[in-house]
Amino acid sequence: MISKLTKIVATISDLRCEPEHIKDLHDAGVNVIRLNTAHQSHEDTIKVIDNVRKISNKIALMIDTKGPEVRTANIENPIIVKTGDKVIISTSPINEPNNFQTNYDGFVKEVPQGSKVLIDDGELEMTVVAKLPDRLICEIKNDGQIKNKKSINTPGISLKLQSVTEKDKGFIELAAKYNVDFIAHSFVRHSKDVQDVQEILTASGNPDVKIISKIENQEGIDNIEEIAKASYGIMVARGDMGVEIPAEDVPIAQLKITQTCIKYGIPVITATQMLHTMIENPRPTRAEVSDIANAILNGTDAIMLSGETAYGKYPIEAVKMMTSIAKKVEKHRKMTLYKDELFYDKSITRNYIIKCAIDATKLMDIKAIIVDSLKGKTARIMATYRASVPLFITTNSERLARELALSYGVYSNLVDNNFKRTTEFVVTSLKMLKEQGVVNDKDTVIIISGNPNRNIEKGTEFMEINTVEDAIKGRNI
């Protein structure tokens, strides 16, 4: 049975990746497993990939790159600072107190006087009060300490960092080699960043790995339209985003990004600290529950767990909680959130049929929508309407089934054969759904398909509304 329409992405590490644990996560509602390469080696990653595939060929895999970042460097002992103190960020070590460098050679050159500099995910704030050719002199704004290899953010400042690091390149090549489904690339600022990742995948012999662009700063937000056009999907990565832009601007950015993804018919993932309390506690805060609910009400395809499942004390409970919240919210949302003209281009038959099917779900008691989607495009566009009934595709492509694991309300059944005629597809699909207990003979379903000869790829061409029993009998096979 299908318990929810919203998809769940869960982060796991090699420290807790036994097949039994992965199965428990999957049974609790996880659709996609995420691997954070910031904390893993190639060997660790391969171990997790192998274990996931032992459990199910329908669980999608996502490798998350570390991306370009600036960190503190050459600090032997923590620098203790108080409000009003001065520190020096220099291009190379100098004989001055409170001095440190960064791992990015262009930092001093590219950061102007007056800029805000944040250390360790925003824990320490300083302002550049003077600039010399080889150093920035900064004034501390709050008490704290500066440790080695801590993150540095410069809100509103565009640094000329390379889009793909050597470490990223190695993991992208690994994703291509092991046929991973998604690459989530960090700190995407322009469509060119997406193209850079695609070039590595193509050169590695697997251009079909799908790219999820992580939006984490103002540049990415400003360029969301061009990034969405170039990407398979988008992740709203609210951790670094909440450091790079004012915290009160994050909900507005989240909504803008979600609406842009809906506009272009691509999946969107809402991420970071969704059930952060459950890393240490068995129950979430009311604010966390509301955060998840609002993400779903705003139209997200998927919601993500990070530390909650990677190293938290209650990983299965966190997934079950997320599933429970999703099920409840989905029952109380409007049938569809979006305008009637969404994807309503009458020159494209597919879009007209999709719109008719969505309208039918509002007026009739429809149990399920069965979509004959050879490449997934029709299913992804239908998902964008966020209908209140699940969409099912039957396919012999494991890759397609896993790609659709990110799309709202879309579920896949895998078969061995490649249907030659639509009749075979419909009958097989309905019989499988009956066996799974999703539908019974008297339930009404919508069937969407293309040319009766499935070898002729002409796209979506017809819609049928029928009971399961009559749809099978009418095909007489």
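Positions of Cβ are set from backbone N, Cα and C atoms, glycine also.
Remember, it's a predicted structure, so these values are computed and weren't measured experimentally.
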Co-listed K(+)-binding residue [Swiss-Prot; alongside Asp64, Thr65] among Asn31, Asn36, Asn95:
Asn36
Filtered by Cβ under 8 Å and at least 6 apart in sequence, the residues in the chain of Asp240 (substrate binding site) near it are Asp121, Asn153, Phe187, Glu216, Asn217
Work out how many Å separate Lys214 (site 'Transition state stabilizer') and Thr37 (ATP binding site) at their Cα atoms, rounded off.
14
According to DSSP, which kind of secondary structure is Ala38 (ATP binding site) found in, if we only use helix, strand and coil?
helix
Asp64 (K(+) binding site) to His39 (ATP binding site), Cα to Cα, whole Å, comes out at 10
Which same-chain residues, if any, lie at least 6 apart from Thr37 (ATP binding site) yet have Cβ under 8 Å of it
Thr45, Ile63, Asp64, Thr65, Lys66, Lys167, Asp168, Phe171
Long-range Cβ environment of Lys150 (ATP binding site), under 8 Å and at least 6 residues apart:
Arg71, Thr72, Ile119, Asp120
For Asn36 (K(+) binding site), nearby residues of its own chain (Cβ under 8 Å, 6 or more apart in sequence)
Thr11, Ser13, Asp64, Ser306, Ala310
